[in-house]
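Undergrad: My questions all concern the structure below.
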């Protein structure tokens, strides 16, 4: 029998459907979407879909009862079992009579569809239908459970292990012969790089009418910081990415440094990543610079060019004659790196420098910590041992160390008026965590929605954080030692700060969750590849993909914190990096568990607060105008009607 042509598995590699309607409803906490299967594409109607399937999924298991009623009343669901498609999305296959083994509710029977972007399951035994909408980019690996000899109704399964803190299991009927075909389609389109296929971001054709790729202009950001000035300049020595292929094209360097000097210093730093400017204090001109480790080795090699360059960074700050070098690593690890030709600066060789180690562990330790956390929070949580189990993962210990290191950097810059050089080994993981968090503490601009977009573009994307390797976009290498939750930890630290300063950030939790969802989804080109050079020169992502910031800025109100008080928080923030103040981000790590979520949908409350805030602001403006009018009338009434004579 031809399995591929069987009734239960319908293979439709060339069939296209219309785009999701802009009327889809999004759950702001979990990015839940229920797109309508409209007869005209959103592109044709001129209104792009506001709710995209994200790794949060459109699962009704994640929607409280009240919200499900609202969705049922206001949402038009597709009448067929076919998946609503995004522009550029193509259905690759469909299997019917599949059972989703939900860990939180009764098992659900329905239809499973695989496209070149997502896995779409639609239940057939309840109303409104149970919907599970999962981008293939979040899949880490797929496993077959059970064989021909397996007994039991739901023993012949596919296990899907995801990168976003959940696993999915689908049971197939053996006689339908659908499991193998679904497995093959998921393997093919969840790992397109492995299968020499394009990532879906290059197929996605939505238009938002918002220029997300223009959010970050490096020259404009330098000018905002007051560069160039008497001490710093913008260098184009790396304009063609020939000096340092993992650095941006434009670099902030000391004004007196020549291109030849920069090349000599680059030769003494791991992967050529010489110290360059990240941020400059608007008043004291103290700076945060970043680099990789110097290649001193076991013999303790010295390099006069590097030492003189560090002096130039120190001399650019007239308020201090000391430069603090913050090495993100534990001191033991930094010493061990000497055996590999790396190491750290000697205070004897680098006059006026003070070296500190911030004890942040490497990517392998962080990956193992996240694995333990996932085992703890999914699928069930042991309440009786919650605190001790959390402690055993050491996840919050790592978050504390990262935040404490950033606070230390911000304190030196703000209170000591001293410049700080930050590095780890290569300067693209822990270094990015520390510089970006310290900059957020020091500069209120980065605490706005667009400011955080700029910060991510600047400190993470342009400075070569290896997103492709750390996340594993499109590659079937789930055990790759290069994978690590470095960027996730940064976003977690940002969330911890928003908990301590709830009025100081313009964006809300949904913004942070959406960023993480599309870190994995491969829907946008923003987080693809390992460096600016790969995105700009090799893959041309600006020309061929959409930016995540286009999607977010198109519907900015969904991501605004209604409690934001800009006028109160123009100062430096120093969060408390203590275990007493840190907590597990249940809104992200535990969001698949319906028992861990607030009963009231937070996104609805936020919208109500934003409306109320707008009304109150309008009332304040009206009262201010009324008071000004009264003051003017009072001045006019107090003036004499007849001018007094002037005696000369």
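Backbone N, Cα and C define each Cβ position, glycine as well.
Curation plays no part in TrEMBL annotations; they are all automatic predictions.
What you are looking at is a predicted structure, and each value in this text was computed from that prediction instead of being measured.
Features from TrEMBL:
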type	residues	note
ACT_SITE	424	active site, phosphocysteine intermediate
BINDING	337, 338, 339, 340, 362, 363, 424, 425, 426, 427, 428, 429, 430	substrate binding site
COILED	606-633	coiled coil
COMPBIAS	1-18	compositional bias 'Basic and acidic residues'
COMPBIAS	19-59	compositional bias 'Low complexity'
DOMAIN	212-589	domain 'Myotubularin phosphatase'
DOMAIN	393-440	domain 'Tyrosine specific protein phosphatases'
REGION	1-59	region 'Disordered'
Undergrad: Counting across all protein chains shown, how many other Cβ atoms sit within 10 Å of the Cβ of residue 362 (substrate binding site)?
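TA: Result for residue 362 (substrate binding site): 16 other Cβ atoms within 10 Å.
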Undergrad: If you skip the near sequence neighbours and keep only those at least six away, which residues in the chain come within under 8 angstroms of residue 337 (substrate binding site), Cβ to Cβ?
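TA: Non-local contacts for residue 337 (substrate binding site): 293, 329, 343, 344, 425.
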Undergrad: For residue 426 (substrate binding site), what is the tally of other C-beta atoms lying within 10 angstroms of its C-beta?
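TA: Taking every protein chain into account, the count is 20.
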Undergrad: To what whole number does the mean pLDDT across the domain 'Tyrosine specific protein phosphatases' (393-440) round?
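TA: Across the residues of the domain 'Tyrosine specific protein phosphatases' (393-440) the model's pLDDT averages 98 on the 0 to 100 scale.
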Undergrad: By DSSP assignment, list the helix, strand and coil residue numbers for the domain 'Tyrosine specific protein phosphatases' (393-440), in that order.
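TA: Its residues fall into 32 helix, 5 strand, 11 coil.
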Undergrad: Which has the fewest other Cβ atoms within 10 Å: 339, 424, the recorded positions listed?
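TA: Fewest other Cβ atoms within 10 Å, among the recorded positions 339, 424, is found for 339.
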Undergrad: Might you list, by sequence position, any residue in that chain lying six or more from residue 430 (substrate binding site) with a Cβ less than 8 Å away from its Cβ?
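TA: Result: 328, 329, 358, 360, 402, 424, 486.
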